[in-house]
Amino acid sequence: MLRRRLNRLLGRDERIADRRTIYVGHRSGSTNDAIIPPKFCDNRIVSSKYTVWNFLPKNLFEQFRRIANFYFLIIFLVQVIVDTPTSPVTSGLPLFFVITVTAIKQGYEDWLRHKADNEVNKYPVTVIEDGRRIRKESEKIKVGDVVQVEEEETFPCDLILLQTSRDDDTCFVTTASLDGESNHKTHYTVPDTGRDLESLNATIECEQPQPDLYKFVGRMHIYTSNQDPAMRSLGPENLLLKGATLKNTQRISGVAVYTGMETKMALNYQGKSQKRSAVEKSINAFLLVYLCILVSKALVCTTLKYAWQGTPGQDEPWYNEKTQTVKETNFYLKMFTDFLSFMVLFNFIIPVSMYVTVEMQKFLGSFFITWDKDFFDPEIKEGALVNTSDLNEELGQVEYVFTDKTGTLTQNNMEFIECCIDGFQYKYRDASSELDGFCVTDGPVSKLQQKAGREREELFLRALCLCHTVQVKEPIECHDQGDGLMDQVDGLEADGQETSSLQEQRGFIASSPDEVALVKGAMRYGFTFLGLESKTMKILNRNNAVEMYELLHVLNFDPVRRRMSVIVRSKSGDILLFCKGADSSMFPRVRQEEVERIRMHVERNATEGYRTLCVAYKYLSAEEYNQADKGLREARLALQDRDEKLMAVYNQVETGMSLIGATAVEDRLQEEAAETMMALQGAGINVWVLTGDKMETAKSTCYACRLFQRNTELLELTVRTLEDGGRRREKRLHDLLNEYYKKAVLDAPPVKGGVTRSWSSTNQDYGFIIDGATLSMVLNSSESNSSRYKNLFLQICQNCTAVLCCRMAPLQKAQIVKMVKNSKGSPITLSIGDGANDVSMILEAHVGIGIKGKEGRQAVRNSDYAITKLKHLKKLLLVHGHLYYVRIAHLVQYFFYKNLCFILPQFLYQFFCGYSQQPLFDAAYLTMYNICFTSMPILAYSLFEQHISIEVLLDNATLYREIAKNAMLRWGPFLQWTLLSLYHGLLFFFGVRFLFSNPALQDNGQVFGNWSFGTIIFTVLIFTVTLTLALDTRHWTWINHFVIWGSLAFYVFFSFFWGGIIWPFLKHQRLYFVFANMLSSVSTWLVIILLILLSLMPEILLTVFCKPRGSNARQMKHRLPSSGTSTIFMLSQTASTHSFSWSD
């Protein structure tokens, strides 16, 4: 490290800092060189947040960054320092409870992370040292160690493949845990290294660690005695990544190049940014209001106290003379101290325990998603997964859904449908009907029932058999296989009906399901790929003769070129290049006279929703091949700008090709995809499809999902429409945006409640289509136009029923989500996808949902929630999201309501006690009000309440709109709850004061004191706030009954118990026998019952006379079942036989 810094300071080659040198097996590359072992990090993985030593200070620091916690800490310190009317225990104990519960929860979560880290770090691995195999813990691997990995094991660090048990010097891996792709990938050993690792003398020069999974640049110097060192290029095909799993290979050996937190897996791990829900923002706003009320109360009381004391005789009555110390105290200091004392007295208006209740509600409530049996998929034997419980209620506030297409709207299960050769369509029916296995269904009218030449047919099929990276998994003997003739790899089965029994047992391994579908398509027509052995590709032609081709080079697929090629040499010595790719990338590189006869078929197949690829070939002369071979080898040895150099060679070789034909592969729709999309639109949710696929295919999928209807007018903003006008693109973009804005926004009737489909014939539905290139122009145009284009684009999209964005790069998907998320009104966004290319938009959206699909688990690991099928999104939002939001909104409003009810009598009492800061309630009541007496009923309500039945929520998507835009936590409902708490607080205080107008309430004529006065108010308060919640409960379980009636019983028991014993640790036994004595008065009983009834009267009248808002006739028929029949819901919200709704 020091040497690198010195090199930079002294102006030497700066690029040296971007490289690292590794000694394979820690052996010197040259006998003359001494090894200076470089310092690299160890192989420990650390994902935990705390250690035993820093947990307490770090966790406390993080918790006290929350405003409410910090506020209560200040109040507690004021109570300790200043002589306040209440004990420090009254605020210290609730604060301690909240901090402790939160710390235990966070500590437990971090302990799980430690446990997971230890499982990885302590995993035993095999390291080869001096020819011996030694078992070590994974964390002890060092850079340069030669590691041996067995089949089905996970690579413990990033390795360069040196040796494999396979004869063709390859191995297969799956990288589902890294990039989300579950298909098998092929990796290759470095040439000339695999024979004898014990005597291998080599060094590796490679780039410093960086997170790109698909990029690796390096070279290996192999030293042999009396010869110059041989140099071999290293690329991603030689690198085995930590977290990937070895498949279909008995064992491999590789040298560690990146370890621990420098592996690509660790560099790709990013702690998801903390997502805050709209509810939390509302809580903070309400908290600010209540803080203002608190300060106002304290100021009013302080002012009135000194105004009252200004009256002669009131400041220092004869029975309460001031001490000398008090007289000498500074007047303003005294006033400030009194202000703090009032703040302490009224501080319970801020509900600190609400935070811990909300945390518990979110954590426990998330289990209902996990337990939902409707989300269970019997195929993969998994259900839904909750990665973030903090966003449960956001599921009920979604306004925009951004969905991927392949694997999300579709199944990512590819099936070969048809092909086109020289303009003639070939569609498979039945191989037995024709000798050569071809069946022509239709084609150009003038050429109906005609075929291309046999030579062209065979050339096309050879291209399908050779231009790919598919590997063949050899058949397994029947007695070992158990169920016989069919071998399955990654869910892809050899097509046994059309092939021989040997081929039935053959499985294909590929990184893309498209490639397997094409190889199987060639099998249907008589050309079978037999495999790759020692750089020789074998195919079985229609005549059952084996053809052999030497594989010279593979020009790998990449998303920029959107094509891939192979260069092969036939037995006759001819060198051919076969290429396949997207039409937009292939048509400019072939002879233009060949394009038109293929274009019609490609466009028709895309319109029908099929994935299309064009196939071309080219004969290379010896001179052309030598030039290409030299360029490829030089580019692959380069350490700097390797990708750019390779791209230049690829583009040079892939020109002047001959177009043979095209293929069509079908990716079927997901189960109930159309119904799900219709339900989301019915709920007022805007659906945007973001895909990297071509426009025609994606448009067809949107029609199939009913996002676009036949009467939908499509507004297209693509490269094609920009070039139609013949003007400059920028000018054409400006004109089109203004035209679409006038049509979709200015001339359209106003829409209420979100953009939804118009079922009447009077209104026109619009759909918007944009591609990646045009989106770049919109987002990256000149500064003067950029913001205007963005605003026009957004307004057009927001007035369309559906939006399709095609040819999108992953970064562009995230840009679109971010643009909508930051638009006017800050709408709640949800992104759903199944692949690694969807991770960026999943992380960007307010709520990210991953689908456990065929592209692996990268999306799942980065999501907030994971489901197994797209159809589950409907229930997740319309049922779980709706109920979660209603529950937590009621929880928040109820907490503020009951705390204002609690503290308002205390405030009013100051007007009748000379502003002396005399507490109305005993310290035990102050402490336990939020912790014990009123906490459990609202927690149970927020977990089990169903104000509308599950069936009604699923069948009537429009109910979702009633809670949209945070409807239950706006200022209107907040004001209603505040007025209700003011009514209750005033009624409690003045009702009991009216009772005390004649204080001789006992039979013996004795009078009640101030503690009896406060206890009666507190009793009415406890019963009223608890029964108010009971009246709001629409779905009763035995748990609701237990906690509601149990809380009331516990209060009565505690009051008897607390006042019935002389406690030795209390200086003042204020409530000794007060509660029992109070209940001996009939008048007290009468007033308590009467005040409770008067308090509940508004709620009762509303329930009796007002119909539930937004309920339809069918909804009203769903009555509450008896509590005995509804308790099953405690474990799952999926009991579809139960119906819960409003009840009179």
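All residue numbers here begin at 1 and follow the chain in the order shown.
Glycine is treated like the rest: Cβ placed from N, Cα and C.
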If I go by TrEMBL, the feature transmembrane segment sits on one of 893-915, 1008-1030, 1077-1099. Which?
1008-1030
Give me the non-local Cβ neighbours of ASP404 (ATP binding site): same chain, 6+ apart in sequence, Cβ-Cβ under 8 Å, ordered along the sequence.
VAL689, LEU690, THR691, ILE832, GLY833, ASP834, GLY835, ASN837, ASP838
Using a Cβ cut-off of under 8 Å, list the residues of the same chain at least 6 residues beyond the transmembrane segment (974-996) that approach it.
286, 289, 893-894, 896-898, 900-901, 903-905, 908-909, 912, 1008, 1013, 1016-1017, 1020-1021, 1024-1025, 1083-1084, 1087, 1090-1091, 1094-1095, 1098
Looking only at the domain 'P-type ATPase A' (123-265), what is the model's average confidence as pLDDT?
84
Could you give me three numbers for the domain 'P-type ATPase A' (123-265), the DSSP helix, strand and coil residue counts?
15 helix, 68 strand, 60 coil
Please indicate, using numbers and ranges, the residues of the same chain that are 6 or more beyond the transmembrane segment (285-308) and have a C-beta under 8 Å from a C-beta there.
67-68, 71, 314, 335, 338-339, 342-343, 346-347, 349-350, 892, 896, 899-900, 907, 910-911, 914-915, 974
Sequence gap of 6 or more, Cβ distance under 8 Å: name the residues on the same chain that satisfy this around ARG611 (ATP binding site), in order along the sequence.
MET414, ASP514, ALA664, VAL665, GLU666, ASP667, ASP693, THR697
